[in-house]
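Feature annotations, courtesy of TrEMBL:
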type     : residues  : note
DOMAIN   : B:127-424 : domain 'NADH:quinone oxidoreductase/Mrp antiporter transmembrane'
TRANSMEM : B:6-23    : transmembrane segment
TRANSMEM : B:30-48   : transmembrane segment
TRANSMEM : B:80-98   : transmembrane segment
TRANSMEM : B:110-128 : transmembrane segment
TRANSMEM : B:163-183 : transmembrane segment
TRANSMEM : B:214-236 : transmembrane segment
TRANSMEM : B:248-266 : transmembrane segment
TRANSMEM : B:278-299 : transmembrane segment
TRANSMEM : B:338-355 : transmembrane segment
TRANSMEM : B:376-398 : transmembrane segment
TRANSMEM : B:410-432 : transmembrane segment
TRANSMEM : B:453-470 : transmembrane segment
Amino acid sequence: MVNLMLLAPEITILVTGLIVLLAGLFLSAQSKKIVGYIAILGCVVAMLLTISSFGTTAVMFSNSLSIDALSQFFKIVFLTVTTLVCIASVKYTDGNDHADEYYVLVLFATIGMMMVASANDLMVLFVAFELASLATYGLAGFEKKNPASIEASMKYFIIGSLSAALLLLGIGYVYGATGTTNIEGIAQNIDLLLNSPMGILSLVLLIAGFGFKIALVPFHMWAPDTYQGAPSLVSALLAAGSKKMGIIAAFKVFIGALIALQADWQIAFAILAVLTMTYGNIVALSQTSVKRMLAYSSLAQAGYITMAFVVMTPMALTGGILYALSHGFMKAGAFIATAAVVYMVTSENKDILNADHLDNFKGLGRRMPITALSMTVFVFALSGIPPTAGYMSKFILFSSTIQSGLVWLAVIAILNSALSLYYYARVVRYMYAKPTDGDRVSEPLPYVIALLLAVAGVLVIGIWPEPFVSMAMEAASVLI
Amino acid sequence: MLPILSLIVLIPILFSAVTFFTKTKEQARISALVGTLITLVLTMYMYFSFDSTSAAMQFEEAANWIPSLGITYHLGVDGVSMPLILLNAIVIPLLIIYTWNDVRAAPNRFYALILAMQGAVIGVFVSLDFFLFYVFWELTLVPLFFMVNIWGGANKKHAAIKFFIYTHVASLVMLLGIFGLYYNAWSLNGVPNMDMAYLIGQFQFLESEIARDAIFLALLFGFIVKTPVVPFHSWLPDAYSEAPTAGSVLFILLKIGGYGLFRVMLPMLPFTATPSLMITIMGALGAISIIYGAFLALAQKDLKRMIAYSSISHMGYVTLGAAGLVSLSISGAMFQQFSHGLIMSIMFMSCGVIQTKTGTSIINNLGGLAQKMPKLTVIMVLGFMASLGLPGLTGFIAEFLVLTFSFINMPIYVIIALLAIVITAAYHLWALQRAMFGTFNEKLGDIVDISSYQAFSMGVIALLVVYFGWHPSPVLDMMITNSEHIVSLMAVMGV
């Protein structure tokens, strides 16, 4: 008997999505604000349901879905990001006739991500992956009158479709060799894939497929353009949520199913991790668009998380998993802060291009004190200054490399981390040390609430990490 | 019992938050002063109930923090940290009084940063868990970064980012060393634990000699960049001279690098694969810093930069004395940290006054200021004399102990350092002569003497320099107790 209560979070989000969809038909543009509140409520309820059932294990629907600490941890990550994005979106979609569609897409993307986290079968994983992707393609192009947004969506769609094709091809090869799409089934029949060219071929295709979603160099080309062009809050969802979907999928496929091919994919991930973090950090140094800078910084962060695949100890996986949660708070927060600035700039001057230019952050400490302070916390957290979530995650992840004797990797990661401080500190300098002639502006309440929640998350994980660390350890123990 | 150590860390941080939200300058400075005075009272209470004959940790507090990683909230003080806490607790309220009537943008943020800095620095001194230690260690960067960036001089942008990244890299290298210690003990005993004393104690059981040396050098790098020691000093002159006066004084009070040498490096030293090489490295770096810093100070045209370089030279005594490995040379090095904090505060405060009153700190553009600023001159001359090592003032005691007792183990380096004494005297006296004495430079216009607030805070520090110069035992006794303890631990190992 299937215990549907374990799927309650997904069902809640689905029902909320359908309610929003229906309500949208009957509401006028002015009263569409209410769908935002419904979406937030749905997310919060789903999150509470997930947290309350944390630690239960179950397999359902003919072994195609598995509920365990790992999947639940990532569901918490996705729901956190979605909640933050929805809260901030209340202001962004205010008075927009398409607000209902926006929230429906956000919620459906979230269901896709949550199903990926639970998938125990490559077909389920692929379908859920595509659900999330299709919804986010639409979201990236939400600003229909803004050419940059359309470009972002188009680029994301074309490259995303290509990567989906590669992923499917990779899954096809695995299925062809092992005769099953079930993750445990593949792990049992892995000897059919070992030492065969088909094994290598499927690894290449799978790494490319997931690499697109995680935005690992050299599969990252879409990310900076998409993050820059898409509405900032959608970029928050992409960078903080959808990227983690790629990571959990890669955890499941590589560590869950293809662990026997470890020697082959580990070296690939080592190269990709080093390339991604170094490239991301170096290119971020010269960006003047804050969204683009955050996009490259998010490449670098994905590079750090990828180190977990290289080290592959329980400690490293704990670090990687905790990093996913921390990054959710930090990156979503940073994009929401940028969204608040973009909102302020565009409401002053409608036709402005480059609303996220660094110059618009000048004197923000005086103009928008809460936004500026939150942004400071986020960028310092991203660069790993204690006592923040970013430091805590880096602490565990980087220290695990020393534990396994991979000193070279630790040194590269640490040099990268120091390099990143330059561009993060520059944002802070613009906000606090550059004079401006702009006046104090009132900060929209939804943005402020979302920012303060994200700041609270970043600081709580940094100052009292014990519950999060033990949850991440439990999640990591599912894998190893 | 009162958790006094938690209080002296948390009160400044709490008042920092309060100060940040004040609306006027009046409220900001009063809130800051109240916060630091409470800290001072608590510190004095702790100091007077401190047992300076015991080398053990006192006022210990311990609680679980992150049990799954073996991280505890463990605080304590001993003779190594007590004088440095005292130094911070005394000078920072005086610094707030010194800046009482300064005109500057956003005073609430300014005072909030000073308080945050005090909390973080004291946090470093009382932490007995490496994780906590590192958290506070990194936190000290943030207020100074803002301090230089917002209120700094013309070249502030460059100075702030250079300081931030340079010392951050050093901290990260140190963190790698901490990871090494942590996993060594974890794999030996099967449980994670971040306690400092425990990890340092387990260091000797690490089998690989290369790993032991690598860990030692990684930690040493972290500490000597912060100290700083030539050739890793280049962030310092820019940061010290571009910072506002209060920022320079906070930099001076940031004695965490030298503290790390005593707390972490010396107990580990005998167990490295090549202790004599490590001693040579430390001694040589100390001697080079002393003489190189002195020469560079001699060449400076700017008074503030001269003081910054003289600070490098003086901190060389700390490294040299620590490497001297005799209990009195180590005590001398510890006393140098304390004395240097007081003396440099006077020097930077004097320089700050000159800069605000005359608009310049280029030595050649000054001249004859003594005629217009007699009060400043008295205090400043005293500060300069203490800095060049005049007997009867604190600087002399520290340098005397370091030079005399380091001579036992490393005579060559002491001789090199002795050469610097002449240069030290030269640049101090020469700068004084050109800036303060001689004929008054009429281009400077009408100049008034220091305000009574400034005179008060500088005067108190000057009195302390004289007092501890004649009667160092209130802080020196506990330093000697602890350095004897460190040396006795080494003697067990036959080093």
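Yeah, the Cβs are placed from backbone N, Cα and C, and that goes for glycine too.
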Query raised in the report: Between the transmembrane segment (B:110-128) and the transmembrane segment (B:248-266), do 3 or more CB pairs sit under 8 angstroms, pairs being 6 or more residues apart?
Result: yes
Query - Long-range neighbours of the transmembrane segment (B:376-398), counting only residues six or more past its ends (CB under 8 A) - result: 310, 314, 317, 332-333, 335-336, 338-340, 342-344, 346-347, 350, 353-354, 369-370, 421, 424-425, 428-429, 431-432, 436, 449-450, 455, 458-459, 462, 465-466, 468-470, 472, 476
Report summary line: Contact count check, CB pairs under 8 angstroms to the transmembrane segment (B:278-299), set B:6-23, B:110-128, B:163-183, B:410-432; argmax is B:410-432
Report summary line: Sequence-distant contacts of the transmembrane segment (B:338-355), meaning Cβ under 8 Å and at least 6 residues beyond its ends, amount to 83-84, 86-87, 91, 94-95, 98, 240, 244-245, 248-249, 252-253, 255, 303-304, 307, 310-311, 314-315, 318, 361, 366, 369, 373, 376, 379-380, 382-384, 386-387, 393-395, 397-398, 435, 450, 454, 457-458, 461-462, 464-465, 468, 475
Report task. For the transmembrane segment (B:30-48), could you work out the same-chain residues 6 or more beyond its ends whose Cβ comes under 8 Å from its Cβ atoms? Result -> 4-5, 7-8, 11-12, 14-16, 18-19, 22, 59, 77, 82, 85-86, 89-90, 92-93, 96-97, 111-112, 114-115, 118, 122
Query - Within-chain partners of the transmembrane segment (B:6-23) [C-beta distance under 8 Å, separation at least 6 from its ends] - result: 31-32, 34-36, 38-39, 42-43, 46, 61, 75, 85, 89, 108-109, 111-113, 115-116, 118-120, 122-123, 126, 136
